[in-house]
Structures are given as structure tokens and as C-alpha cells.
Amino acid sequence: MKFFETNFDGLVGPTHNYAGLSVGNVASLNNANDISNPKAAAKQGLAKMKALHDMGLKQGVLAPQERPDLNALRRLGFSGSDASVLEQAAKQSPAVLRAVYSASSMWTANAATVSPSGDTADNKVHFTPANLTNKFHRSLEPETSGRILKAMFNNEQHFAHHTHLPDNDHFGDEGAANHTRFCSDYGSNGVEMFVYGRHAFDSSKPAPVKFPARHTYEACEAVARLHKLNDSNTVYVQQNPDVIDQGVFHNDVISVGNQNVLFYHEQAFLNTEQKLAELGNKYEAATGKSMHFVKVPTAQVSVDDAIRTYLFNTQLVDIGNGQMAIIAPMECSENPNVSAYLDKLVTLGTPIQKVHYFDVKQSMRNGGGPACLRLRVALSEQELAATNQNVLMSDKLFGELNHWVDRNYRDEINESDLRDPQLVIESRQALDELTQILQLGSVYPFQIC
Ligand SMILES: NCCC[C@H](NC(=O)CCC(=O)O)C(=O)O
């Protein structure tokens, strides 16, 4: 049976804006209050999806969420008509209004953690939506993420869906941005690396001091238990607290892996030597083969350059014959150190043989690169056939979604637009049409309440 990695990219929602919501995420804070272009953002994302589809990769689309989240505003005591709720929130709590408008669900690497059937005791693909407790605007995502994932992977024989972990910082879970699966091919037993920022129940352990560690060790363990993984195919690695304090808010800002390759910055982890030895040994026991560890030294690329360019927020994709391509943001080609490094990387004799650059600037300015925009789901032919076929990229779907964006999206949103009740109506209209195009059924609060 054939197995594939399928990338489900987040479709950027109609209210994409720059609100400076993520302390610890340098780009989000630097671009706060800039004017956004939701139409361009959605089209940049679609162009990347189509390009990967055209490279012969399996590509899907993950629908955005309903924003503004008026239910959240009502829970916070704003009442009356939708227009009146917006008006009161704009006057009394503009920061809260900005948060409930965020299109942050576009970063689907944070939608969930996924364990493929090759790794799980019951041979099902397991999904746990991330609770994203550390940031208010992101904590609004998990319930709808769960509903959308169930509408995409709606088959109990193949797919197991879990409820997100308890909504508390002790179990802070940021999903696949801190999870990487290594395997010799996508169907066989692999090793899953969970990366965390701190221990919630043990304050004697190291932790960052300036910026938050969003993801805990305890959350990683809980997800591994839910997904029926075993010790021999899991590794828990702590992120280096110093790099979190420099702005590496997720591990996928400082390392990326695929199949037999871990591409990482030398400062990414704590106890690097010991942890990577454990990973390498478990990988060898599971696959009979050895891993490639591609370490990037600080002398060649500083942590600061990695954060500015998102060198590690790249996708490593299988292009056949044991070779991989790296899907990088344009910003990598514009930085002399990083572009020189990438030119050299493809000559080093590792599986990484090609670099493709993409313009995802609208997302980058909020701290989301190519890897943040996708959720990886390794699937067998059968599992792929059991997946909702309407979410899989095709020439037809690409055309339909571009028309849908042209019809429904604005090309500019600034802060004063957030109090415009028309934007609520437009967004719901757009999402209602989208659920029909993708045949998701009713997944949004405005459709089910
Ligand atoms: N994986 C990339 C996630 C980026 C995301 N940025 C944001 O939510 C910024 C939103 C804003 O500031 O408008 C975050 O920090 O979780």
C-alpha cells in the first residue's frame, strides 16, 4: 500500500489583520496596526498550495474560523445586536476586539497534533486539536478546529478525534508546531519528537524568563498517551529557554524535520547531544536506518537571522528518490547569510537537494512562515480515500477558491474597519459559501447556534 504526506494549508480568513497580539513573537509585535490585505494573503496561501500540488505532492485546504468571535464578546458581557456588541467592545476594550477578529487559524501547524496510523497502537490516525491557551486570540480556536477536522476526516474506522487538552496553561499545547515525526517511509513505524518550553509541575526545571513558554512537557505526555504511542517511538525534547527569550515562540521557528532528516539550529534545544542521540537510536530501532542531522551553526546563521528570515519555518518535502526540497519564504533569499547558507546546503550531500522560494509576506508579517501555514497528515491510500475529497487541492478547487476570495475578500483592513458590522456579514457570507464548496456541513457557530 502507498502512503503519502498530505499538507493541509490554512486558508487565510477574510478578517486577516495585524493586531500585535503575540508577545514573544517579534514579527507580530513589530507589525502591529499595519494595514493588512486579506485578499492578497489568501491568494499567497493558495498559490503555495497550488505550487506544491503541481510538484506532485498531496495538498489539502483547512478552512478558516468565524471571526469576529461574537460569542466570545458576549461571554465577556457585551450584549445586544451584533452591531452594538462591536460598538461597545470598540469603545471599552479595543484590545479584546482586535483579538476576537484575528485570522490566526490560518497557521494550521497550531491546529492540532497528528499521529499517523503507522505509530499508533490501534493503527488509526489520531488528531488532538491544540488548546492554544497562552494567547487569548488563539484560545478561541480549538472547538471549531475540532469540528473542521472531524468534517475532513470523518470515518471512525480510520480516524480517532480527541478533545483538546484542559484549557489551562499547565497543559498549554501548541500542536504540530512543536511536534515532528521521523520515519523511513510515511506508512511504517516512526519516531515522534515532542518539543516543549517548560515543565508545568516542576519549577526547578529551566524555563525562559522574558517571553512565555507556550507549550508544556505535561501537554506533550498527554497527547502521546491519547494517541496510543509508546516509549520506543516518542522523544521529548526541551526547547532552549534562551532562544524562546530571543523570540523563538514555537520550535518550528528553529528546526524542521521530515522522514530521516532533522534540520536544526545549534541553539534550538537543551541537552542537544543526549536528546539527538536518543532520537537517532530510536529511529534506528524503528526503521533499521540512520538519520541525517543537519546542524546549522550560529557562526553561519545567527538566531536573529533565523527569526527574521524563517530559515527553519520551511517545509521539507519528499520529491522522490530519497531527495527533498525545501519550501522557503522569500525572506530567506533576501538575507545574504541565509541565502548563502541555502546555496551551500544543497551541495552538502544531505537529502535536501533543492530550494523553492514563496511569497507569503502577509503571513510572515504576523510571524507565520510556510511551515506554520500547513498541518501535515501522513495517510495511506485508503485513509486518503476516506478523507473528505472536497478539501483536496485540484486545478478546479484552486480556480473556485480564487473566485471565492475575489468575490468575498477586502483588499485592506485597518483598525477602524473592525467596528464595521458589514465586515461580520461579509465574513459569514464568505464562510457559508466556503462550507458548501468544501462540503464541510455546519461547522461555524453562526451555522449551529
Ligand atoms: N505558527 C505561527 C503562529 C503565529 C501566530 N501569530 C499571531 O497570532 C499574530 C496575530 C496578530 O498579532 O495579529 C502566533 O503567534 O501564534
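Cβ coordinates come from backbone N, Cα and C, glycine included.
Heads up, TrEMBL stuff is auto-annotated, nobody curated it.
Copied over from TrEMBL, here are the features:
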type     : residues                                       : note
ACT_SITE : Glu174                                         : active site
ACT_SITE : His250                                         : active site
ACT_SITE : Cys372                                         : active site, nucleophile
BINDING  : 19-28, Asn110, 137-138, Arg214, Asp252, Asn366 : substrate binding site
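Shown here: features listed in TrEMBL, placed on the structure.
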residue	record	DSSP (3 states)
Ala19	substrate binding site	coil
Asn25	substrate binding site	coil
Asn110	substrate binding site	helix
Arg138	substrate binding site	helix
Glu174	active site	coil
His250	active site	coil
Cys372	active site, nucleophile	coil
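Among the recorded positions listed (Val23, Ala27, Glu174), none has a CB atom closer than 6 Å to any atom of ligand 1. Taking the C-alpha positions, the distance from Ala19 (substrate binding site) to Glu174 (active site) comes to 20 Å. Taking each of the recorded positions Val23, Ala27, Cys372 in turn and counting other Cβ atoms within 10 Å of its Cβ gives the largest count for Cys372.
Of all Cβ atoms in the protein chains displayed, 31 besides its own lie within 10 Å of the Cβ of Asn110 (substrate binding site).
Long-range C-beta contacts of Glu174 (active site), restricted to its own chain and to partners at least six residues apart, with a cutoff below 8 Å, comprise Asn110, Ala130, Leu132, Asn134, Arg214, His215, His250. Here the Cα atom of Ala27 (substrate binding site) is found 14 Å from that of the residue listed as 'active site, nucleophile'.
Of the recorded residues, Arg138 (substrate binding site) and Cys372 (active site, nucleophile) place their C-alpha atoms 14 Å from one another.
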